[in-house]
Each structure stands twice: as C-alpha cells, then as structure tokens.
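Here is the structure we will look at.
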Amino acid sequence: MAASGSGSSRADNGYSSQQPRRRKGPGALATAYLVIYNVVMTAGWLVIAVGLVRAYLAKGSYHSLYYSIEKPLKFFQTGALLEVGIVVFRIVPSSVVLTAFQVMSRVFLTWAVTHSVKEVQTEDSVLLFVVAWTITEIIRYSFYTFSLLNHLPYLIKWARYTMFIVLYPMGVSGELLTIYAALPFVRQSGLYSISLPNKYNFSFDYYTFLILVMISYIPIFPQLYFHMLHQRRKVLSHAEEQKKSE
C-alpha cells in the first residue's frame, strides 16, 4: 500500500501499453473498451486540472484548493479500480497483484486518509500529491490512448518516460507528509481502530498501521524509481534509434 507516488510506477509492468495480447489478437470489442476507458480517464483528469487552475485564479492562492476538485478526484481516482478488472479478465497481460497493489494505494490515500481525516484537507501536502497525480494521469492515459490507436506522438512518449523524474518524488513527498499530518488526529479520535476486549478477540491500531505504511515507502520507492529510470533509458533510446533509421 505504499509508494504509489505520482502513478508513474505503473508504467511498465505489462499493463503500460494497455494493449491486449497480440498472440491471440486484441479483438475489436476489447480495443474499443480500452480506448473509451482511457479517453474518459484522460478527460476526467483534465477536468481536475482545469478545476485546480480556475480555483487558483479565483482565490489568488494555492492553499486549500483540494475542495475545488474533491468530487472529481474521488470519482476518477476510484475509477482506476476498473484497471484491476482489465487485468483480471486478461484484457491486458499484467500481474493482478501488482496492479491491484498500485491502484489500491492511491485509492487508500484518497479515501482512508484524505477523506477520512478532514483536518488534513487544508494541508499543502495534499495539493502536492494531487498536482503530481493529475499531471501524471493526463500523460499516462493519453499515452495509453494513442498507443492503442497506433499513433503515439514522440512528445507524449517522452513525457511518459521523463516527467516521472520530478512528479514521482513530488507525489511521494505529498503522500508521506499528508499521512504524517493525519497521525495526531487518528490517534486522538481512534479512527478505524479496534480495541480489546471484543467478541472477535481481535485488535487493530490504525495509527500504527499508518506508520507502517510510511515505513514501507523506504524500500519500495527506490526500487520503483530506479526501475522507471531503467525503462526510460531503454524506451527512449529505442525511440531515438527508430527516428534516426527513418
């Protein structure tokens, strides 16, 4: 449930191109579904981006912009759960566990932290990860859409494998700072915690769980980040060779 970052960690786990397996042929229905899904998600994150800009221009301040895009953010980020179904039904070849892990980490931060601990919604750290997510997802879903249509502009490919260098650390920083800001309120309210004794003979401390989530970023983030750097070198160098050969 950690290191979801800007979302760039989902780049190359087999799901990245969202192209059905070529051995059996994609099928017109599967391709159409994926194109529609990615177009809708691109448009949704563009709505969030426009909402942020409009709110900033209206207020003249970047503080507390979360409220201006709260509803579309929840809707479209939760909509990413459909990506798990896409993998489960083998529309694209990828790891179900890895895809579910990466999607749920973002959904978790959206609902179980930012939504549930309302005191953190005014934190600047929320805007930090929201901006990182928004830019990343516009690029990511655009990349998928054009890839499926076999008309991928080099600029989008370049952005897909370059912008994460800044956006991923930015998103992770915002996530960690937001969870950290939520800790005292979670401890005070006992949010989602279960104390003994109870009929299930089970206890759960949400405060401790959030700390463990934060700690889990330490080993996961560097692995995903360096994996993306490796993918960037491989993909962009190959693209450069193709351009030269043309």
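For all residues, glycine too, the Cβ spot is worked out from N, Cα and C.
TrEMBL annotations: computationally assigned, not manually curated.
Computed from a predicted structure; not experimentally measured.
Residues or ranges marked as compositional bias 'Polar residues' by TrEMBL: 1-19. Sequence annotations record features per position, and here TrEMBL assigns region 'Disordered' to 1-24. What TrEMBL records for 32-57, 78-105, 161-186, 206-226 is transmembrane segment.
Among the stretches 32-57, 161-186, 206-226, the one making the largest number of Cβ pairs under 8 Å with the transmembrane segment (78-105) is 32-57.
Sequence-remote contacts of a segment are chain residues at least 6 beyond its ends whose Cβ falls under 8 Å from one of its Cβ atoms, and for the transmembrane segment (32-57) they are 18-20, 65, 68-69, 72-73, 75-76, 79-80, 82, 86, 91-92, 130-131, 133-135, 137-138, 141-142, 144-145, 148-149.
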